Structures are given as structure tokens and as C-alpha cells.
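Peer 1: Structure below; questions to follow.
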Amino acid sequence: MSDTSTVKSQCEDQNIDLIRLLYVTPSGVIQANTVDVSEVDAAVESGVTLSEVIQVYDAFACRNRNSRFDAVGEVHLCPDPETFRPLPYADRAGAMLCNIRTLDGEPWDVDSRSSLQSVERDLRAKGLSPQVAFESEFSLFSRDGDGKINRGDEAGAYRTESIRGTHDAILHIVDALKAQGIDVKKYHPEFSPGKHEIVTGHHTGLEAADEHLLLRETVKSVAEQDGYQATFLPKPFDDGTNGCHINVSLWNGENQFFDPNHGDISETARQFIAGVLDHAPAVLALTAPTVNSYSRLQPRHGAAGYICWGWLNREALIRVPAPAQGREADSTRIEFRGADNTANPYLGLIGLLAAGNDGIERELEPPEPVSVDPCDLTDAQRTAKGIKRLPQTLGEALDALETNEVLREALGPDLFDAYVEVKRNHWKLFTESAGAWQRERLRNLY
């Protein structure tokens, strides 16, 4: 859809009265304003007024009183009509994803969606177009009358028993995603009670990030209608974790990550990997942006505990998956395993793409791939292979981000500073409160 007449026609056909204008702040929490369908022309043409200060609220709706933004200052929330979707889980409602613009109509420097668009434009000018897909993990649970949590099945990953136990809820989620035009590729239960994973198709970075936000909204909304609560929190319980693996390749008519002469990943892919590894501690501040994230990024958690890469290695930060047989040229990609669903997906992709592009521009060579669980190596062996530990707290990751000029330039100084402010406030709240209290609140937010 490219104009408001198409949006209004679809709203009339499907009896839609309310349109949610969705956006996500540096906190990673999805926000919305809602307009009546009669206001859609005005919303697209002129935007909807939004306070600047919303961008520096953290996940708990708190902000630093010495913030760069305060009660004075407004911007415009500008819906993109091409992103319009009816919401099958919300009666007479639709949604559009939004950019944020200044009162003069220019892209606001603190808007993450506009910033990702700029990064992708710069890459396309160099002949590289990203293709991205998210693998989203989440947990379904319910509460009894006393508030006690019931996590459902105990069967484990890939078991048909687990599939049977939540079949109706998952089917309703998949139906709702497909009704919004989201390309669902795979689903399976995962390695802890009530944990599930949905994989969606490859798109441009912007389209993939947009769909990821719609998926998060859909899963939580449909699960609630089926009597569950869904959480994407990285470590919602004492056991089990939820990640968000990000699959990336770069294209220029053909897949630039595939070397047809050797049937292997290309030099471009290796340079991209090297760049991500080089900037990994700082990138993590964008892709694993909550205190809870670092409870997941531990050795032997099937996530990543160390900065390394490897073929088929699920304990490496970057895994090179096996390509589809007979479709190697189309399916060769890398999988970044250090992300989770508390991230603002636009910012996470900016970090990954900027780091990888820096590796290409500097023609970096990655270290040798790691073919074992890095936990099985001795300290001396890891040192010899150049394998370092990932940041173990959000504070450490933010320290790395604040000194990283490549990511500062990619985000732009205003967005960079606003993001650091929000996450420093989040880190400060954690250091002043109990971890169990944090997890309980974050489990509901994400």
C-alpha cells in the first residue's frame, strides 16, 4: 500500500475504525498513539504531535531528571502508509509503523527507524543491500488464582508433546501473523518449559525490523486471548532463556556472502564477520540492552559467552549455518546469536550493519573459526585463539559503546547520546534494586 486512499479503502472493507501508530523508543518498549480512520490523511500528511521527552524514558517509564529532553519540545509521529496492516487480534483496529520527524518535517535525529533507513541507503550506495531475518524466542505461561506461575509443558525441545500442548495458541498466533502478511517460515518448541521459537522470512533490514515489532505485538496479544501470558524476556525464569538470532547477508543482485568459486562464504562475508567481532562488546549494548540480557549470555546456554565465530557452532557469537543443499547461493548467511527481543530492532541492526561494514571497509581478517564449544578450551587455548569473554553486564557493554566511534557515527550523536542516557538509567536502577523485582517487572513489559 502506498497512499492513504488504499488504507482507507481497506479500513472500510474490513470495518476498521482505529489505527494504532506504532513506534519503539531506545528503551525497546513498543509504544503507540491511536487515531480514528477519519484522521488518517492528516496523520500521514502532517503527523501526530509527540513529546520529545518520550525518547528518554526507560522500560520502567522513568527518566533522568537531568535529561537532554524535558517538558518543552515536540516532534511529529508520521505513519508510513506502506506498513498498514489490519490487526486480526484487535476488533476493528489496524496499525502502521511510524517515523518521527521534526516540526519542520525533517527526519528527527533521535528516531531509530529513520536512522536505520539512512544506514541502509548508505550501504545501497556502496552496492550492498542487506537481507535480514529474525528468529524470535518467547515463553508462554499462565497464572492460577493465587498468582502462581504455570509454565505448561515440561517435554522439551522439538517434542510432539510440547507441540500438542500449545497447538491452539500457536496456531492462532501463526494465523494472526499471516493475516498481516508476515512470512512465517518455521515454528518449534524450545529447550525449556513453555519456550517457543518462530522464524520469519528474509527482507530488507527495515522491513524485517518492522515485522519483528508486529510479531512481538501479535504474540503477546493473541497469547493473552488464549489464556497465556507471553514474554520475550531473555531470562524470564531461573532456567531457560529467550534469544533473537539475527540472520544477515548482503546482496548486489547476487548474494555477496557466497563465493561461487569455492562454494564457501566469501571474502566479503569474512570481513563482515571480522568487523562484528571487532566491535562486539559495543554492539551488545544495542542488541542485548537490558540487565536481564546478560543472564542469558553465559557459557553453555546455547547463546554466546565468548567473542568468536564458527561453522554450525551454537556457542559462538556468530554462527555460519549450513546453507540449503542446492540453494547455496541464495541461503548462505551469518547468524548473530548475541541479540534478544528487548532490543530496539532498528538500533540492533544499525549496530550490526555498521560494525560489519567497518570490517569490509578496513578489509579485516577474522580469526580462525572455532569448531568446538569455547567453554571446552582452556584459558591458554582461548588466549592463543584470540577468544575473549563477552561483556558480563550491561554496564560493561555500555562502557564499550561509549568509546566506540564507529557506532557513534552510525547512530549519529543525538541518538547515540539519548540511547546511552536511557540505558545508563536502566543500569542505575538495577544496581539500586533487587534482581527478582526487576525480572518480575521486565517479564510483563517484554
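Just so you know, glycine gets a Cβ as well, placed from its N, Cα and C.
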Peer 1: Do you know which of ARG327, ARG333, ARG337 Swiss-Prot groups with ARG296, ARG314 in the L-glutamate site?
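Peer 2: For the L-glutamate site that includes ARG296, ARG314, Swiss-Prot also lists ARG337.
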Peer 1: Looking at Swiss-Prot, GLU135, HIS245 are annotated for Mg(2+) 1. Which of GLU45, GLU52, GLU328, GLU335 sits in that same site?
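Peer 2: Answer, per Swiss-Prot (Mg(2+) 1 site with GLU135, HIS245), from GLU45, GLU52, GLU328, GLU335: GLU335.
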Peer 1: Compute the mean position of the Cβ atoms of GLU137, GLU190, GLU197, which form the recorded Mg(2+) 2 site, and then list in sequence order the other residues of that chain whose Cβ is within 8 Å of it.
Peer 2: GLU135, SER136, PHE138, HIS188, PRO189, PHE191, LYS195, HIS196, ILE198, ASN242, GLY243
Peer 1: In angstrom units, rounded to an integer, how far apart are the Cα atoms of GLU197 (Mg(2+) 2 binding site) and ARG296 (L-glutamate binding site)?
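Peer 2: Answer for this pair: 16 Å between alpha carbons.
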Peer 1: Within 10 Å of HIS245 (Mg(2+) 1 binding site) by C-alpha distance: pick out those among the binding-site residues GLU137, GLU190, ARG296, ARG337, and say none if nothing qualifies.
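Peer 2: Correct set: GLU137, ARG337.
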Peer 1: For GLU190 (Mg(2+) 2 binding site), just give me the three-state DSSP call.
Peer 2: coil
Peer 1: Taking the Cβ of ARG314 (ATP binding site) as the centre, how many other Cβ atoms fall within a 10 Å radius?
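Peer 2: Excluding its own Cβ, the number within 10 Å is 15.
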Peer 1: Can you tell me how the residues of the domain 'GS beta-grasp' (14-105) break down into helix, strand and coil by DSSP?
Peer 2: 18 helix, 35 strand, 39 coil
